[in-house]
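Below is one structure; the comments refer to it alone.
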Amino acid sequence: MATDGASCEPDFSRSPEDAAGATAEPAKKEFDVDTLSKSELRMLLSVMEGELEARDLVIEALRARRKEVFIQERYGRFNLNDPFLALQRDYEAGAGDKEKKPVCTNPLSILEAVMAHCRKMQERMSTQLAAAESRQKKLEMEKLQLQALEQEHKKLSACLDEERNKNKHVVLMLVKECKQLSGKVIEEAQKLDEVMTKLEEEKKKTTALEEELSAEKQRSTEMEAQMEKQLSEFDTEREQLRAKLHREEAHTADLKEEIDKMKKMIEQLKRGSDSKPGLSLPRKTKDRRLISVSVGTEVSVTKSVACQTDSAIESIEPVKKLPLTVPAKPSTGSPLVSASTKGNMCTNATLVRPGIDRQASHGDLTISSVPAAPTPSASRTEENGPSTGSAPDPTSSTPPLPNNAAPPTVQTPGTAAQSYSQAPPVHSLHSPCANVSLHPGLNPRIQAARFRFQGNANDPDQNGNTSQSPPSRDVSPTSRDNLVAKQLARSTVTQALSRFTSPQTGAPPRPGAAPTGDVSSHTPVSRTSLKTPGVSRVDRGNPPPIPPKKPGLSQTPSPPHPQLKVIMDSSRAASAGVKVDNKTVAVPPSSLPQGNRVISEENLLKSSSPQLPPKPSIDLTVAPAGCAVSALATSQVGAWPAEPPGLNQPACSESSLVIPNTIAFCSSINPVSASSCRTGASVSLLVTASGWSPSLTPLLMSGGPAPLAGRPTLLQQAAAQGNVTLLSMLLNEEGLDINYSCEDGHSALYSAAKNGHTDCVRLLLNAQAQVNAADKNGFTPLCAAAAQGHFKCIELLIANDANINHAADGGQTPLYLACKNGNNECIKLLLGAGSDRSVKTRDGWTPVHAAVDTGNVDNLKLLMYYEAPIPGNSFNEEKLESNIIDLDQEEESPEGIPKTVVPADLINHADREGWTAAHIAASKGFKNCLEILCRHRGLEPERRDKCSRTAHDVATDDCKHLLENLHAFKIPLRISIAEIQPGNHGSDDFECDNIICTLNIRKQTSWDDFSKAVSQALINHFQAVSSDGWWTLEDMTFNNTADSSIGLGASSVQSIMLGNVPWSAGQNFTLFPWEFMRKNKAEQVTVILSGPQEGCLSSVSYTSMIPLQMLQNYLRLVEQYHNVIFHGPEGSLQDYIAHQLALCMKHRQIAAGFTCEIVKAQVHAGFSKEQLVDLFISSACLIPVKQSPVNKKIIIILENLEKSSLSELLGDFLTPLENRSTETPYTLQKGNGMSECYYFHENCFLMGTIAKACLQGSDLLVQQHFRWVQLRWDGEPMQGLLQRFLRRKVVNKFRGQLPSPCDPVCRTVDWALAVWCQLNSCIARLGTPEALLGPKYFLSCPVVPGHAQATVKWMSHLWNAIIAPRVQEAILSRASVKRQHSLGQTTAKKHPSQGQQAIVKAALSILLNKAVLHGCPLQRAELDQHTADFKGGSFPLSMVSSYNSCSRKKAESGAWRKVSTSPRKKSGHFSSPVWNKPDLSEEGIKNKAISQLNYNGSALLAKQKSLENDLSLTLDQRLSLGSDDETDLVKELQNMCSSKSESDISKIADSRDDLRRLHSSGNNPAFSAAVNNPKMPVSQKEVSPLSSHQTTECSNNKSKTELGVSRVRSFLPVPRSKVTQCSQNTKRSSSSSNTRQIEINNNSKEEIWNLRKK
């Protein structure tokens, strides 16, 4: 090794550079490790290790010899006598190490160099070896991964082959199926073609059949017309033959009478007695005047005219023939009737009624009602029957004339023809009552009765005239020997009957009557009418001709009846006028009899084919001169025509047409009322006005007394017409059968009840009439009254023990008929009397079927819920009425539906076809009726009819939807929050129960579906509440699994209560949810969220709307760091959060087996550190050092720490709290000079709350020792808390639904949110963070739909009670921050200067208008009314603008937060302190300025005047305002006024008058003088604030005229940065400011809101 070491010595013969270069070259070649293999590297490493060991041995040996060798090498070659020895020593001692060169070779240095080189090589080799090993390992790992990938690849390939084979098989199967399906499609297409071909053939056949059917129908119609024509001809021929027979019989009788008279006269002559000359052959001695009527082949229509009560006075002396003119139409100009004549006549009306089909079945009751209005001459028809209309006195000499009728005159023969051609037809003396519609066929019985009861044609009537049949051409004179006796007998009976009969009104026209012509005037006619025994009838097959319009007539349409042609010549069939000996004859008024009454009887046509008769011709026998024409006509009344079974006859079917004393022509037809006249039956032809009946007619005609045998028929007629007087007279007669029934079985009581004549029913019942007498169809009077809806008659009948459950032949009961009629009062009376609801008709229908069939909801409700009240129990009746009313109100709960009294069997009863009431309601689309039926729990909607159809199968679309949701049970879903103690930590505004939606539970709903519905409803609610906008649940797409933004979801639910039964999601009961809810009477589903009691914060998150994740983070901070303080603006829910976190921690510790206690302390201004120490020691949070830690968990909450100094209160506890061990104790000094050491253990948690936005001063020293949770108003969770909370409030108010964004409630809530945000933003700009507000005060915002005024009123209370005082205090404290040192804090706060007060009020006004009133949802007028409720809302802001800042405070001062804004380029004459939306256009500014000139008028001026007097500043006070803080505060207010980022408040400037009043205020004489007199010199001291303000104004403002309108400038200030400054002239202008004038440029383009010259 020594040799090796010696060999390594350097060669000093070469230079060091050459040696180094020679050594480096072989080293690069020998030691290139990268090229060596692993074995070579190992060999090299072993050689080098051996070398190192050898060298270490050499080094140790050399060290032992080092000293000796060193001395020998250094000094051994020199001796002491050598002079160079000192030089060598000095050389080595004086030079540096780098400059010295070794004298001899040093083996130690060489060895050290070799050792260093070897170490480097060893490190390099080890590094390379480690790299090689790592590469080797990596390579092996990659090989293993490659093998694994290859194996996986093989597996995947095998799987792929299998799948390929499977897919190939599936594809083959699909191909086969496609082929099969294509074949089926082709077959179906062929079948479809065949079916379509058959369908076309069937359609063709159907079309052919329809054509044949129509042809057959037409053929049958023609045949029927021919048959009708033939029948008409037969009737005509029969009538002619009968008339001829009658004439022959009458002629024979006359001849016999003449023979008898002649015999008597011969006898008298023989006896020599005197005879009266007038009795012998009167008809031969008098002129015989006949009015012949052409009959031809037409059928005659008869008119019955009754005798009048007053007998006519006959004139015996002959009268000269006078011209008689009979106009054919009523004249409006000059009627031919004397004013002294009066009479009654038939109404000129067309009465058309449908014919009766005698073959039709009337098993059911069909009630048809037509509303009617009576004619002007007719009286009203009431339930008691028609009352007598007011008629003029029949004895008066002058009848009433219409307004348009001229006085009647008697025309001369020369004017008669002209009058006839110009005047419309009128019913005059010889004009009968016109009949314009005739019955198609007259009953043979009526014909027989007519000819049976008709008097002799030649018998003289009571006026002395004989009636002659129309076709008679040669009637011989008759005898008049018995004339006086017959007249006396006839008049006696007539007057007796008429005495008890009041004048009746004419029956109004029937429903469906053909319209008659309108007559323009109402002309009074004579009381004497003309009888018409025979008038030709209309051919049934052909329609009647329409009378042509004649020239010269009035424009009113002519009446449908033709003119009456009266002829004197018996050989003529028709004539144009009435002539006597070819002269026109006029009857004088003096010859007319008085007191005659006319009653007509009319036959009616079918309503389906109303026809008009042709012009008939009438033959009249004219009496001799001096005798009036007879008014007594032959009666046409016979037996009643047979009525069909059933109750569909009109109520006035037995009523005759009664004519009042005075009848005027009506211009139109008024339909008859339903209670007085109905369609479906013929009219009985009665003469009830005079008391005549058909049975009495022949006897009265013959002049004999009236026996009582015909009284029952008259009784029925009086009862049917409601004639109480006649009825009472007849009932007082003895021997009268009041229970007499006609051939249809109708009794008098039946007729009265059917027509609703209550008084008649009462009279008959008092007379012991049979109350249960039935007609031939089994209908009783009660049935008739129920069918017609006469509830008063029903009440009387029930009171007289009528059978309420009587069933007719078809099974119809009165209740059934009442339900068919649809009268609630009738149904209620019958049900109250105990009528049976279950009686069934022949068809199987019940009253429920009838009520449902009419679709009357009220009737069905009465049937199902009305109970017969207990006598004397009024409470029961009130309860029943309330139950019926409650049905109209939709109740969600099953308890809201009253109990039905109808059993399930009756509801589900089926008729003969198998249809239930539900089938009927569903098929007719009566959804309301079906809904009421569905409320019955026993309804079986699946009941099938005989065709196997359910109600759903036959229902309409609406009813199908109702049946599908039949068993849906709506129940509200609520979220309940437990453990919310009222009045604790600001939780008063939290709602414990919130309705989130309504669940719709159907009968088939399973528990899984119910669980999913509840979970989905919760998720939808959480996401809807936490969403950003007002979106409905339909507009929002929710994720079923994701939680909401507040972190709540289905997992937050602790339990669910179904009513009072607990239930958890996924739990199944034996009953389905629908049955379970019904059985347990569950009215709601309550969801209980997990809360602190379970160690969770879900309920806390939902209550406070703080995201769950943030609450969990707060809890983690408290558990981890033990010392946490929550701080933020006042009202940020610090105390609530701390308390809920403490509760959660407590229950978690209790669940873990520890005991835990919560200790709360309210910190106030007098709370000392000693009290805090006592609290810590008493709660075992601070324990002595000698004591071992306790296992009890203690949570201490220090509230309201902002009221004390943190550094003074917690300064000594900071280190012990941060380092909780015995090593950092807290030393407590006791009063006796002793001290004791305590420490905080690990089981103690300390939480504090501070209602302060930020810390200041010495309190910052405490900050680093605690964990701080800052609740900023502009950051989460406070930023979105109010929005989420109010949104949940709205959802609860709308019962789980979100209103539309345009709803007023949404706008009101958005306004409340904007107020909170804008208010804090403005307060932050003012630099008063102590006035910031948290969302707590806004949680009580009322949500009242439709009443935004309540929210504005609440906002005014909040502003006056909380916001305004806090802002005032904050601004005062900021404005007087530097004055407190000189004046004292107490003095500054208690006595603020007027300038400070002005700043406060200006700030309040700006905040109110910018943050509160801006965006209010109320209209301008309503908002103006509420503005006065806000404190500081009427402050004149010109006070702020008139303030001038001092130049001492520069703009770059950091005390206030500045906002770079630009001035608003707006001006105008505004007087309202309310901000509107900005309108930057000049036109908009002008319009708004003009529109707001007169805002609040005198009230505003008076209020501002009082404020200005209080707030006007003197010059000294202005100078005192010039402190730096106040200047910056005013600048910030000015910036807020001009900020574009805020609401536009440039419109709050005062009017010109207000400014002048302010300028001229007596409190500021110098200022007002400077403004009002700009040329007056002012001292520098007086105007220094103004001049300093003017130094920054630009002297070259450009003038511009704005639309030619000069406006008052807005005096709100603008920032200095936005005004061009003339900095070069600042000092000069400041020094010479006393000579400058105040300029106000109204037309400047740049708005400079400062005081300048006008």
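Here the Cβ of each residue, glycine as well, is placed from N, Cα and C on the backbone.
Note that the coordinates shown come from a computational prediction; the quantities given were computed from them, not determined experimentally.
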From the ranges 1-31, 125-155, 311-341, pick the one that Swiss-Prot records as region 'Disordered'.
1-31
Using Swiss-Prot as the reference, determine which range in 254-278, 1454-1478 is annotated region 'Disordered'.
1454-1478
Residue counts in helix (H, G, I), strand (E, B) and coil for the repeat 'ANK 6' (913-943), per DSSP?
17 helix, 0 strand, 14 coil
Spatial neighbours of the repeat 'ANK 6' (913-943) far in sequence, C-beta under 8 Å, 6+ residues away:
846, 848-849, 851-853, 855-857, 860-861, 864, 887, 897, 900, 902-905, 907, 949-952, 954-956, 958-960, 962-963, 966
Over the repeat 'ANK 2' (744-773), work out the mean pLDDT and round it to an integer.
91
With DSSP as the reference, give the number of residues of the repeat 'ANK 2' (744-773) in helix, strand and coil.
17 helix, 1 strand, 12 coil
Counts of helix, strand and coil residues, the repeat 'ANK 5' (843-872), according to DSSP:
17 helix, 0 strand, 13 coil
